Ligand SMILES: O=C(CO)[C@H](O)[C@H](O)COP(=O)(O)O
């Protein structure tokens with residue numbers, strides 16, 4: 001089975017976590033696009049969605065799903081998103097689609113985070129996928145130098161501006177043996193808006209294709 005089929009299966013299984021009449025938090029990416037397709041089929045059964053990107057908002061609205069501001073809802077019962085890497089503790093690297101900050105905000109505000117991946121993204125140690133870091137534009141060089149001091153090789157994702165008007169550094173050469181510690185450390189660099197490590201708040205449920213990860 002190819003990766004796209006695995007993503008679609010994960011999205012179909014993730015739908016089973018959606019409760020009738022509820023608010024659904026929606027991530028960003030190609031796997032999430034399959035999820036939005038499925039969610040569109042039950043648009044009359046949910047209340048509305050909160051979205052992690054302009055791209056997902058557009059897809060949701062195209063399928064007739066009402067999208068509301070996170071500030072207008074309380075705790076979100078369910079957040080569904082993809083990831084770029086996932087370790088055995090359900091800690092993630094995210095941000096390949098540059099939506100990491102809004103994704104992390106909705107994940108933090110959610111009771112349950114269901115993450116959908118294909119088998120190639122399941123790793124023992126995070127870091128083979130370059131770690132995305134969203135930065136305030138004027139701090140790009142400074143943050144890059146600070147990351148080099150910590151052993152990473154930052155590469156500016158030139159030409160990409162996030163929905164928040166910021167830039168992204170992709171950090172290569174990291175073997176992330178202490179994801180919570182590294183998330184905390186990178187968060188403390190002035191000019192960093194968000195680190196694409198979801199370790200302090202990992203996923204609750206990971207679906208690898210249609211299989212539940214233990
Ligand atoms: O973090 C993300 C976007 O910022 C995505 O969830 C991640 O990049 C996975 O994307 P895809 O489902 O297209 O493989």
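In case you wondered, yes, glycine gets a Cβ from its N, Cα and C as well.
Features as listed in TrEMBL:
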type	residues	note
ACT_SITE	103	active site, proton acceptor
BINDING	28, 29, 30, 31, 81, 82, 83, 84, 94, 95, 96, 97, 121	substrate binding site
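TrEMBL feature annotations superimposed on the structure.
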residue : record                       : Cβ neighbours (10 Å)
28      : substrate binding site       : 27
30      : substrate binding site       : 14
81      : substrate binding site       : 31
83      : substrate binding site       : 26
94      : substrate binding site       : 30
96      : substrate binding site       : 21
103     : active site, proton acceptor : 31
121     : substrate binding site       : 22
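Within 8 Å of the centroid defined by the CB atoms of 28, 29, 30, 31, 81, 82, 83, 84, 94, 95, 96, 97, 121, the record's substrate site, lie the Cβ atoms of 27, 32, 99, excluding the listed residues themselves. Residue 103 (active site, proton acceptor) and residue 81 (substrate binding site) are 8 Å apart (CA-CA, integer value). Between the farthest pair of Cα atoms in the substrate binding residues (28, 29, 30, 31, 81, 82, 83, 84, 94, 95, 96, 97, 121), the distance is 16 Å. Looking at residue 96 (substrate binding site) and residue 103 (active site, proton acceptor), their Cα atoms lie 12 Å from each other. When the binding-site residues 28, 30, 94, 96, 121 are checked against ligand 1, 28, 30, 94, 96 have a Cβ within less than 6 Å of one of its atoms. Cα to Cα, residue 121 (substrate binding site) and residue 103 (active site, proton acceptor) are separated by 18 Å. Geometry remark: residue 103 (active site, proton acceptor) versus residue 30 (substrate binding site), CA distance 14 Å. In this structure, residue 83 (substrate binding site) belongs to neither helix nor strand by DSSP; it is coil.
In this structure, residue 94 (substrate binding site) belongs to neither helix nor strand by DSSP; it is coil.
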